[in-house]
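Asks: TrEMBL lists these features:
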BINDING   CYS7, CYS17, CYS20  [4Fe-4S] cluster binding site
DOMAIN    6-280  domain 'Radical SAM core'
DOMAIN    304-459  domain 'N-acetyltransferase'
Amino acid sequence: MCKPHRCPHINMTGNVCVYCPGGPDSDFEYSTQSYTGYEPTSMRAIRARYDPFLQTRHRLEQLKQLGHDVDKVEFIVMGGTFMSLPDDYRDYFIRNLHDALSGHTSTSVEEAVKYSERSKTKCIGITIETRPDYCLKRHLSDMLKYGCTRLEIGVQSVYEDVARDTNRGHTVKAVCETFQLAKDCGFKVVVHMMPDLPNVDFERDVDQFVQFFEDPAFRADGLKIYPTLVIRGTGLYELWKTGRYKSYPPSVLIDLIAKILSLVPPWTRVYRVQRDIPMPLVSSGVEHGNLRELALARMKDLGLQCRDVRTREVGIQEIHNKVRPYEIQLIRRDYVANGGWETFLSYEDPEQDILVGLLRLRKCSDETFRPELKGGVSIVRELHVYGSVVPVNARDPTKFQHQGFGTLLMEEAERIAVEEHGANKIAVISGVGTRNYYRKLGYELEGPYMCKSLKPRIE
């Protein structure tokens, strides 16, 4: 988590979003924007005085003590709009994340990334939280330099009137433009959405998620559903106190989340269904700490099915349903999103609806601005094999990682790129620590991407 700083759109709109707690001007003074300081991540950051090196080292030590293998690490940079902070602070922060893994003391981000590539503890990806107005071309290029592979973008609502009335400080049109820019750079796009906002009833909430999943201008890769919470010190708290805002009753909220989960397409992953904010700080809103579990139970009662990536993962299925895949097949799903052609490849057991591994391939739009991706280049935006973590260079026949599924998915992606996209090159947005994996497949580093020249196949 980065240091506390003021929300960047205060200067433009005069205030923060009506529902937003936290930040240096809030009731929770030592917290970052949109956090209270009482979330587990916030408390770990405060204990380390927001030092990125100490936060990383302390967390790795905690995970080791809990019995986790830590030779693969993914960072999520939290704490408000990281890309609004000064360049020198951002460079310092990212440099120290990589240095905490490699043990090297670097003087630049480029040096830190170079040593992180060879670190025993591999950085398989970095996720950065940002806003559409801090996700422009220069910001995207900086994030590529950092080794970032996934963006979490605060959208909250697809309605322009709601964005305006809640003081978001950006338009929904800007959101759609950002998605296309980000995907054309190869980033995975995860969106934060907030049902139960002011001026949105149950039907309108359902309609906005239908639009979010079906409109090609949206169609993100992942989703975090954060039902609106009323927290003291916010503008929404004043509206609630004076009777001008009322949250959904608990049973209605469970029905809504169940309905939303039933709409999720099989290529989208629902990462979270509620915030980590402790219940005693919530004046009105979510009243249960296990909202996803309750929503899934409601879906079962209604005969609805959740087919998002997380629900179908092989590891989740083994833990919750005690089932393993029996007959694994290559499944292909194509869809149009954000000006480009997306192909979602996966190895699944279709009979039991269990997902073993996935690959996201994109034929970029003509508007892509990265020089490495111009001229008909296809890009792999994600390659992931699920199940229990298997250490780097190790194999376990009872687990699914390191069994060749990733290589098979890459081979099929290369075939599609040549034969259907007409591409002469394929690129991969790779975590810094996984670049050597792609080198073994014939890829070379070109800018921030791993790239490979393609030749038409001769039958």
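Using the three backbone atoms N, Cα and C, a Cβ is placed for every residue, glycine included.
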Asks: Cβ within 8 Å of the [4Fe-4S] cluster site centroid (CYS7, CYS17, CYS20 excluded): which residues?
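Replies: Apart from the listed residues, the neighbours are HIS9, ASN15, VAL16, VAL18, TYR19, GLY23, GLN33, SER34, ASN167.
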Asks: Around CYS7 ([4Fe-4S] cluster binding site), which residues of its chain at least 6 apart sit with Cβ under 8 Å of its Cβ?
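Replies: Listed in sequence order, they are VAL16, CYS17, CYS20, GLY23, GLN33, GLY80, THR81.
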Asks: In the three-state scheme derived from DSSP, which category covers CYS7 ([4Fe-4S] cluster binding site)?
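Replies: In the DSSP reduction, CYS7 ([4Fe-4S] cluster binding site) maps to coil.
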